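First the structure, which I've put down as structure tokens, then a few questions once you've had a look.
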Amino acid sequence: MRTLWIVAVLLLGVEGNLLQFNKMIKIMTKKNAIPFYSSYGCYCGWGGQGKPKDATDRCCFVHDCCYGKLTDCSPKSDIYSYSWKTGIIICGEGTECEKKICECDRAAAVCLGHNLRTYKKRYMFYPDFLCTDPSEKC
């Protein structure tokens, strides 16, 4: 389900934050978010529940928590500015929401890059119904 939603968004030509986040992930991991992170574990992709499966999935859990704190922002659609140089992502100027959203995405992309060694193919396209452990608090 998570994969279908992300593919639908991309097919509709949305130019917002999800595409920017995808680019950040590509910069830090050298992998495309789709298919590698669009439905990985219990938290990478749309939604999330249960206990993160590994450090890679925990990056997505923390990212979800970060977005959850931005109650007055639109983190999945607001466009922000950022740049990168030799693998370092720098969030640019903008509204407070844009800066905070960018920082959530930057931190998650950096986390995914730092945890490439924990990535396990068995958690790609992981079904939600297997995420039954009690969810952790942010």
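Positions of Cβ are set from backbone N, Cα and C atoms, glycine also.
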Looking at Swiss-Prot, which one out of Asp64, Asp72 binds Ca(2+) in the same site as Tyr43, Gly45, Gly47?
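Answer, per Swiss-Prot (Ca(2+) site with Tyr43, Gly45, Gly47), from Asp64, Asp72: Asp64.
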If you have Swiss-Prot open, could you say which of Cys104, Cys111, Cys131 makes the disulfide with Cys59?
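Cross-referencing Swiss-Prot, the cysteine bonded to Cys59 turns out to be Cys111.
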Mind checking which of Cys73, Cys91, Cys131 has the disulfide with Cys102 in Swiss-Prot?
Cys91
With reference to Swiss-Prot, specify which of the listed residues Cys73, Cys104 is paired with Cys97 by a disulfide.
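The record-listed partner cysteine is Cys73.
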Quick check for the class: what is the C-alpha distance, in angstrom and rounded, between Cys111 (disulfide bond) and Cys73 (disulfide bond)?
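Given the Cα positions, Cys111 (disulfide bond) is 22 Å from Cys73 (disulfide bond).
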